[in-house]
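Please read the structure below before turning to the comments.
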Amino acid sequence: MLQEILSSQNSSYNCQNHTLGSGGIPLARKVCYAVGEVPYQITTAAINVSLQIFLLDVVQMEASYVSMILFVSRAWDAVTDPLVGYLVSCSNWTPIGKLTPWMILSTPFGILFYLLLWFVPQESTSQGLSVLWFLTAACLFETLMSCYNVPYLSLNMFLGGDHRDRDSATAYRMSVKMMAMLLASVMQGQVVAVYNTEKQDACQHLDQANETTAQSTSSPQTVPLQDTKKAFLTSALVMGALFFLCSLVLFLGVNEQRAPLCSDDKVRPPYLTSLKMLICHIPYQRLVLGFVFSVLAFQMSLGNFALFCSHAAGLGAQFQHLLLLLINVSASVAVPLWQMVLLRIGKKATVFFGLSLFIPAVIIIACVPTNLPVFMIMCVLMGFSVATIFLLPWSMLPDVVDDFAVRHSSCKDLEPLFFSCYAFCSKLAGGLSVGISTMTLQFVGYRPGACNHGDGVATALIVLFSPVPIALLLIGMVFFCSYPINERQCFQLQEQLTTVQ
């Protein structure tokens, strides 16, 4: 009889553990969950940092085609996110969970198409076929990464524990995310170093040949970069291996908690109805709009960082060190510091304070781009601000999900849709920033593979690095200002969710 009572109490505890979190989330589960961030982050960081340079100067594709590939692939990725989120929410539970099968099946194919994205077809291939190759590889890779990343992000709501436990797990994930960016920057920084060295040597030989033969250099001349091509493919192979190993840690170390699905009398609204409910939810509106404009600002600035260092600041040789040792290291250090700050002053105040550090940093860098010591100090400040946009919005999203669950207690299984729409907005902002940047460079006369560029290119890079991101960031901060959920409401939401459960 006593055993039956204890069994009944344990079943009741498991059903309420998602909201009460009396047992918390084990440290090992948090760490394994955080390691699952590495596959998506290292591949995304490599694409954001290097794919533009790879297509322009290694494949030597026209800037308009590069802009089309980058924007279409990002837009396609963004559009598939909400659909994948709804399909995940409609999935049935299996012996290994509801989210895990999606991640397991997408991993090997995601690795394959990531490798194909950095493989250059034969030189005899026409530019039209080359564009089709990279566009297809990019779109398929982004689709598979949606099938991995959307369930992974949603896993935060299925770890167990209360909102503080989830915030702690998010902080672990963001710390690993910064380290993954650091690792990706190490590898891509070395690739960019090979690119800068090989291009500089090739341009010197080309100039000497032109002087010897008295050829005119009025028309743009390009140089082949064979060593750079091999470096990009080698980096892709190493990242593919890391992708597999970290995914394996996630699969073996994290068990989904089925607590949110305890109630069987709830319904799952149709896809369009679910999207309408999310769009009409005011806290989600404010958080998403603030997140989109802030991400757009950061992507606009950091996405052009490599070209800015090479063509505006004259620091191409130091690019990998600036990006690696300063921005990413400082961001990695800042994540646990911001976690402590938000526990003291709240998430909303921490967002404003952290984002505001970005503004003076990019202004000073744009004003004195050739002053290396000042450049380095401002990169550290940028890193602290970058950590804010990575940690805080993702830490605030579970609070919005809880608020929605209280207001719509009859709905179930919408957590993946929340996270997928959030990822959709982030990726759409990234696609817009890349597309706008590349088209701007095309407009001012950027020539793929050219050794020298005019003053218009340098001016455009300065504008894309500082004034435009600042304006976008200020718009994002206005939306964060109207975000309605504070720390007291978070505790009230937990109490109300306990009552609902």
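Note: Cβ is positioned from N, Cα and C throughout, glycine not excepted.
Since the structure is predicted, the reported quantities are computational estimates derived from the model, not experimental observations.
Database features (TrEMBL):
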- 102-120: transmembrane segment (TRANSMEM)
- 132-155: transmembrane segment (TRANSMEM)
- 176-195: transmembrane segment (TRANSMEM)
- 231-254: transmembrane segment (TRANSMEM)
- 287-313: transmembrane segment (TRANSMEM)
- 319-338: transmembrane segment (TRANSMEM)
- 350-368: transmembrane segment (TRANSMEM)
- 374-397: transmembrane segment (TRANSMEM)
- 417-437: transmembrane segment (TRANSMEM)
- 457-481: transmembrane segment (TRANSMEM)
- Task: Grab the same-chain neighbours of the transmembrane segment (287-313) for me: Cβ-Cβ under 8 Å, and only residues 6 or more beyond its ends, written as numbers and ranges.
- Result: 48-50, 52-53, 192, 196, 319, 322-323, 327, 351, 355, 358, 362, 365, 369-370, 375, 386, 389, 393, 396-397, 400, 421-422, 425-426, 428-430, 432-434, 436-437, 441, 453, 457-458, 461-462, 464-466, 468-473, 475-480, 483
- Task: Take the transmembrane segment (350-368) and find every residue of the same chain, 6 or more past its ends, with a Cβ under 8 Å from one of its Cβ atoms.
- Result: 290, 294, 297-298, 301, 313, 338, 341-342, 374-375, 378-379, 381-382, 384-389, 392-393, 396, 462, 465-467, 469-470, 473, 476-477, 480-481
- Query: Any residues 6+ beyond the ends of the transmembrane segment (102-120) with a Cβ under 8 Å from its own?
  - Reply: 36, 39, 43, 47, 51, 54, 58-59, 88, 91, 96, 134, 137-138, 140-141, 144-145, 147-148, 150-152, 229, 232-233, 235-237, 239-240, 243-244, 247, 250-251
